[in-house]
Amino acid sequence: MNISTLQLILETFSFFIYFILTFLFFAQAIFKNHWLKTFNFSGMLIANVSIFLLLITRWITAGYFPISNLYESLFFLVWGLNTIWLFLYKNNMRIQLLDNSVSLLLTLLVGFLHFILPQEMREISPLVPALKSNWLMMHVSVMMISYATLMIGSLLSIIYLYFLYRVDKLLNKINAVNLMTSNQNSNSLIYNLSFNTLLNSSKSMEYQILLKDLSLIKLSKRLDNLSYRLITFGFPLLTIGIIAGAVWANEAWGSYWSWDPKETWALITWLIFAIYLHTRIIKGWQGKKAAMVASLGFFIIWICYLGVNLLGKGIHSYGWFF
């Protein structure tokens, strides 16, 4: 069996594992089956190992760390996202909406690599002189790990905002005006919501079904804190990655910063999360306002990583679309 065949097998296997798991995670959300939880975790672990083996295979074959092109770096990002999810799951940080979102995201990413990315962009090729540096591993790997961490943290903020929306909707339906004072809003109420009070406010079947969502609403504060912790971990990595890239650029091209589109968007990404941490730590923001800033970061990362790269402009581009 040659390397190309092995790579294709691992790639195809990983995609179908993620594809099946996406449906099973949604089934788990509906049927609340403990067996499905165990199966889904095992499936994510198997897919993680499969991608790890794919990266190791390319590393051995090429002779350099496999993050030199879009195919390799995106698989490294997928592996990072999967690894962070496994870590959270094993540490009892289990959130159904996060499970569904991550599995769907991983399926789309691997599907893009398997079905859409041109074959020539998957091939192992010799490094250009500028990439023959130890800074390649340092810069790109740290950036990818920071992206994975910040993506999960931002995704948790998006889920948190969805919970806030559900709380507002739920309170309107059960007419829980008596629980709110004139100076309260849904953002402060979400931390102080009384399950028993809401349960006693309505006896109808419709409201009883709605009140089942309170078990998820109770996770909201945990979501907010977990998002903050992940972003706090990912932000220094992003900073280190950008600095490493600047040092590498100076060695390769004689300039620390050239305002390449990738560099510009990396700075924008850094500023978004710097603003989030500043408002959270210095200004004391919590809840909705801080989560909105973090949620914006999720989309900014994708523009920085994929959007700019695929436009075919600048030294970081892969030159596919234009």
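Placed from the backbone N, Cα and C atoms, the Cβ positions cover glycine too.
Straight from Swiss-Prot, the features:
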TRANSMEM  6-26  transmembrane segment
TRANSMEM  45-65  transmembrane segment
TRANSMEM  69-89  transmembrane segment
TRANSMEM  97-117  transmembrane segment
TRANSMEM  144-164  transmembrane segment
TRANSMEM  230-250  transmembrane segment
TRANSMEM  265-285  transmembrane segment
TRANSMEM  291-311  transmembrane segment
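Pairs of Cβ atoms less than 8 Å apart link the transmembrane segment (144-164) most often to 291-311, out of 6-26, 69-89, 97-117, 265-285, 291-311. Within the chain carrying the transmembrane segment (291-311), a Cβ under 8 angstroms from the stretch's Cβ atoms is held by residues 70, 77, 147, 150-151, 153-155, 157-158, 160-161, 164, 224, 227, 231, 261-262, 265-266, 268-269, 272-273, 275-276, 279, 317-318, 320-322, all 6 or more beyond its ends. Ranked by the number of CB pairs under 8 Å to the transmembrane segment (6-26), the listed stretches 45-65, 69-89, 230-250 are led by 45-65. Sequence-remote contacts of a segment are chain residues at least 6 beyond its ends whose Cβ falls under 8 Å from one of its Cβ atoms, and for the transmembrane segment (45-65) they are 3, 6-7, 10-11, 13-14, 17-18, 21, 72, 75-76, 78-79, 82-83, 86, 106, 124, 127, 132, 136-137, 140-141.
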